[in-house]
Amino acid sequence: MNPDSSDVLILGGGVAGCVLAARLSEDPGRTVRLVEAGPDHGPDPAGWPAPLLNARALPREELWERAVPTHRFRARVIGGSSCVNGCWNTWGSEADHREWVRAGGERWSAAAMEPYRDAAARAMGLRAVPDRELSPWSRASTEAARALGHTEADMGRPGAPGYGFPLLNAHDGRRSNAALAYLGAAVRARPNLTVLPHTVADRLLVRRGRIEGAVVVTDGVPRVLRADRYVLAAGAYGSPALLLRSGVGPAGELRALGIDPALDLPGVGANLADQPGVFVPLSPTPGLDAALAAKDRAGELYGSRVLLRTAGPYAPEDGWNLHLLPVAGPPLFGTLPPGRYEAGVSAFLMKPFSRGSVRLVSADPLAPPAIDPGFLTDPEGRDLETLRSGLADILRLARTPALAALATPTGDTAPHLLGDDALRARTGTYWHPVGTCAMGPADDPAAVVDGTGRVHGLTGLTVADASVLPTPPAANTQFPVLATAELLAAALATGAGA
Ligand SMILES: Cc1cc2nc3c(=O)[nH]c(=O)nc-3n(C[C@H](O)[C@H](O)[C@H](O)COP(=O)(O)OP(=O)(O)OC[C@H]3O[C@@H](n4cnc5c(N)ncnc54)[C@H](O)[C@@H]3O)c2cc1C
């Protein structure tokens with residue numbers, strides 16, 4: 001392969017980037033180069049740092065920035081955020097597909113996406129939660145959900161509200177990730193695929209509506225890589241930042257940063273949608289602590305393995321807009337004395353109306369972008385109202401005999417009654433940002449890409465990661481992003497996205 005040119009150049013080697021590199025290099029006649037800012041730990045799990053393989057915790061290694069609010073965590077390593085995430089895989093509702101079909105056409109319907117969803121599940125080795133991984137808290141939570149009239153739902157396909165179990169890309173506490181799953185030894189042995197780790201994509205060279213190259217920096221040394229097709233897969237924060245540095249975005253904002261606008265595309269970096277949530281702590285009884293400690297000693301303690309999907313106000317008629325997540329185990333943040341555990345339930349807002357933004361503060365590719373998640377800012381207050389209804393649902397769950405036997409309310413028993421500011425102060429994230437290079441028709445001024453990921457107004461450029469989803473799924477995003485990348489790789493391979 002010519003060291004500086006390929007048929008396809010993929011910028012960003014995270015969840016989507018690994019799918020794209022694997023699928024597009026299946027054709028031996030197509031040369032593919034994958035650029036990743038972070039390290040590449042290779043196809044053998046033995047070569048990976050142990051913390052990244054520990055599925056019992058959210059690793060804090062290999063992040064772009066550590067000293068930032070938690071909502072801004074983003075991984076910088078081949079495999080992307082699949083190397084640091086919770087290994088939960090769920091799917092959303094038909095309502096998500098209706099929104100995506102309106103934006104990108106029939107290929108985004110539930111039926112049309114099914115083969116891509118299935119391909120992603122197979123490649124990632126997704127599996128059901130083994131019974132031994134259910135803690136007494138998880139079991140009691142399913143009983144509590146049943147007591148409140150909820151029924152079991154399949155979490156891995158478009159479905160209905162109800163309780164259920166996520167699909168996992170972890171086995172016996174060992175995390176797999178998109179790089180191990182998609183870029184195994186056989187794929188890496190393909191002579192038409194090159195992986196370039198420790199290489200930061202600075203910007204695209206845009207001239208008269210075409211991409212003429214990508215400036216990348218390895219060990220401080222810039223060079224230009226060229227390709228017939230450029231594919232951005234730098235994630236919901238990285239892809240808009242790359243476009244903005246390339247002069248593609250809101251022209252006024254770019255000029256203010258000293259960047260010459262190449263294409264005025266106001267949607268770039270706008271429309272950031274993430275799923276906010278609030279944790280309601282409960283006090284474990286000594287009995288629950290002891291039972292959790294026994295699971296812990298057996299190496300079978302997982303903080304959360306059960307999920308309840310409920311429809312709060314403004315939920316789509318056949319869907320849900322809340323995830324209630326019972327949790328019991330070592331605290332996610334901070335520590336407790338040995339033998340003591342944290343228990344509680346989180347409520348996450350899955351279909352927020354609020355939108356935030358990703359903006360540049362400088363043209364330096366190593367300068368973190370300004371990320372405003374915009375949590376709970378919709379002027380009509382619908383998100384606050386829905387979150388409050390989720391918090392009230394948590395109290396109903398906590399009062400069921402099944403959960404009340406294991407944990408008692410803390411002083412903080414009525415978070416749904418907190419004032420707006422107090423509630424905002426307690427709001428965290430599910431880490432599921434999407435929407436910053438949103439798919440939509442060419443006549444929609446907020447749209448950045450079409451239904452095949454092609455950037456409106458430019459030739460030769462596709463975006464193919466979480467940033468293209470115009471609305472968040474009522475789901476954890478890894479599985480939908482894997483399927484999105486499968487879909488867009490197929491569109492590229494067949495020429496639909498050429
Ligand atoms: C802490 C955490 C927990 C999560 N838990 C879950 C979960 O349990 N279940 C779930 O479904 N989802 C979860 N997610 C979300 C899920 O991981 C993401 O939806 C998914 O990783 C998005 O894939 P992506 O390819 O769009 O971006 P990413 O996977 O983030 O990949 C982007 C890649 O691009 C690289 N990159 C960025 N900029 C550049 C540049 N300029 N040059 C070169 N490379 C660049 C990055 O280093 C990164 O490797 C979690 C996320 C986080 C952060």
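Positions of Cβ are set from backbone N, Cα and C atoms, glycine also.
Annotation comment: TrEMBL describes V77, W431, H432 as FAD binding site. As annotated by TrEMBL, domain 'Glucose-methanol-choline oxidoreductase N-terminal' applies to 235-249. The feature substrate binding site is assigned by TrEMBL to Y430.
Taking all protein chains in view, 21 other C-beta atoms sit within 10 angstroms of the C-beta of Y430 (substrate binding site). For W431 (FAD binding site), the count of additional Cβ atoms within 10 Å of its Cβ stands at 21 [all protein chains shown]. For the domain 'Glucose-methanol-choline oxidoreductase N-terminal' (235-249), the mean pLDDT of the prediction comes to 98. Across the range of the domain 'Glucose-methanol-choline oxidoreductase N-terminal' (235-249), the DSSP-based residue counts are 11 helix, 2 strand, 2 coil. Across the structure, V77 (FAD binding site) and Y430 (substrate binding site) are spaced 20 Å apart at their Cα atoms. Comparing the binding-site residues V77, H432 by how many other C-beta atoms lie within 10 angstroms of each C-beta, the top residue is V77.
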